[in-house]
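Notes for the one structure printed next.
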Amino acid sequence: MAKDTTGRMRVTVKSGGRMKLSSKLWLERQLNDPYVAQAKRDGYRSRAAYKLTEIDDKFRLLKSGMAVVDLGAAPGGWSQVAAKKVGAADGRGKVVAIDLLEMGEVPGVTFAQLDFLDPSAPERLREMLGGGADIVMSDMAANTTGHRKTDQLRIVGLVETAAMFASEVLKPGGTFLAKVFQSGADASLMTELKRDYASVKHVKPAASRKDSSERYLLATGFRGGAARDAEAAAEAE
């Protein structure tokens, strides 16, 4: 072991066997990540829980009694945080987690293993919530190819589809929160969202790794499709 620049003991993984360099570096990063260790102590399923916690601490998005949708929810770190914040376990709020993958049970969270792109998904979601959602959030990341431009377009495309889903299930005044990666490719997405939301901004919580281009798009004050329709009508005149 050695100490890093903060004075903490740093774990190194010896090379050997068939472990690839990329796997070795990933394992070292996990072993030396304080958020990973804290997540284990706090009972969270992933370090991502602290990203949502830090964003919520700053912007106060999650309140008791709210209805929340967590897209691409597995393994469930964000759902755990949301359930605690809105009081889902005791019935005050509701959290519906959606993913193609299976997810272990989270107290107070309703899980649906489905594709949110399915045309029937918005209606099914409303039935599970008993109405619209106050917040739609997504920590999803698209599968990468290693080709930077292609990956950026895939990521933005995924967020665009999540935003379209959100526009079908959010209540007026609702919030959309989604992971993006810093690039010029999301400029058009920002423009689109500004038509439907009172405020749109990028935020980067401390729990996001410093060497990562990861950040989050936060859109608040959902106005529905009325603002977009009015703008389109004005442009057509």
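Yeah, the Cβs are placed from backbone N, Cα and C, and that goes for glycine too.
Note that the structure is predicted; figures quoted are calculated from it, not measured.
All protein chains considered, the CB of Lys179 (active site, proton acceptor) has 21 other CB atoms within 10 Å. DSSP assigns Lys179 (active site, proton acceptor) to a strand in the three-state reduction. What Swiss-Prot lists as active site, proton acceptor is Lys179, and the listing cites sequence analysis.
Annotation comment: Swiss-Prot describes Gly76, Trp78, Asp99, Asp115, Asp139 as S-adenosyl-L-methionine binding site. For the recorded site, Asp99 (S-adenosyl-L-methionine binding site), the DSSP three-state label reads strand. Cβ contacts within 10 Å of Asp99 (S-adenosyl-L-methionine binding site), excluding its own Cβ and spanning all protein chains shown: 21.
Between the CA atoms of Gly76 (S-adenosyl-L-methionine binding site) and Lys179 (active site, proton acceptor) there is a gap of 15 Å. For the binding-site residues given as Asp115, Asp139, the lowest number of other CB atoms within 10 Å of the residue's CB is seen at Asp115.
Minimal Cβ crowding within 10 Å, among the binding-site residues Gly76, Trp78, is found at Gly76.
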